[in-house]
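One structure is given below, encoded as C-alpha cells.
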C-alpha cells in the first residue's frame, strides 16, 4: 500500500493558489484513475483506489499547510505504514514552473508543510517536487505562493497535471524513472523528426555554399502575327501634289 499526500490549504479561497498544486495533482489522479469519492477522515479528504495492482490512498490534509503532519501521522498509524510508503506532492520554489523532480528523504528546505510532516513521521519519505518558480526575494514568498496561478500558466499546469497522472501507476510501484518519463512526455513532448528533417533540408537548399542560383531568363516578347501588323495609311494626295512634293 502507498499513501500519496497532496499539500495545500482547504477552502475555495485557496483552491487555485500555487501552494495548492499538491491538491491539484491528487485531484487529477483520482479523476483519471477512477478512485472512490472523497470522504473526510484523518483530518483530511481521503480517496482510495488501485494503481498497477497496488492499493493507493490519496490524502489531502485539511489542517492548513503548517499542520499537515498531524493528518499524515494519523493515516500512517492507522494503515500501519512506514515513512517509505509515503509520497508527498508539494510546491517547490527552487524549481522553474512546470519542472518536476522526485526525491527520497532529506531536509524540508523551509517548506512549512514538509516541516510539519518531518515533525510527525520523520524525514524518510518520498517527495514529488513541483516547480512553481521563485518571486525573487524571500520577503515576497508568502504572497507569491498564496496567489493563484495566472492564466498564462494554465497551459503548462494542465500538461504537468496530466503527466503526473499518467505516471502515477509507475510511482506507486516505485519506478520513479518511468514516472518521470511520463511527466516529460506531457510537459516536453518530442518533436517530429520528419518535420525537423524537412525544415533542415529547406534551410540547406537556401544556404548551400558554392551553388550559384541561375537567374530566371526574361521572357522574350513574341513577334506579332502577320495579320496583326497595321496597314500603312492610304496616300490621299493628288498627282500634282505628289509631283510638287518631290521638288521641295
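Just so you know, glycine gets a Cβ as well, placed from its N, Cα and C.
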Looking at the tRNA binding annotation from Swiss-Prot, with 64, 66, 112 already listed, which candidate in 14, 144 is the matching residue? 14
List only the single closest residue to residue 9 (site 'Discriminates between blocked and unblocked aminoacyl-tRNA'), chosen from the recorded positions 19, 64, 66, 112 by CA-CA distance. 64
Counting across all protein chains shown, how many other Cβ atoms sit within 10 Å of the Cβ of residue 9 (site 'Discriminates between blocked and unblocked aminoacyl-tRNA')? 21
In which DSSP state, out of helix, strand and coil, do we find residue 14 (tRNA binding site)? helix
So how far apart do the tRNA binders 14, 64, 66, 112 get, largest Cα to Cα in Å? 16
Between the binding-site residues 66, 112, whose Cβ has more other Cβ atoms within 10 Å than any of the rest? 112
Any same-chain residues 6+ apart from residue 14 (tRNA binding site) with CB under 8 Å of its CB? Would you list them in sequence order, or say none? 8, 20, 146
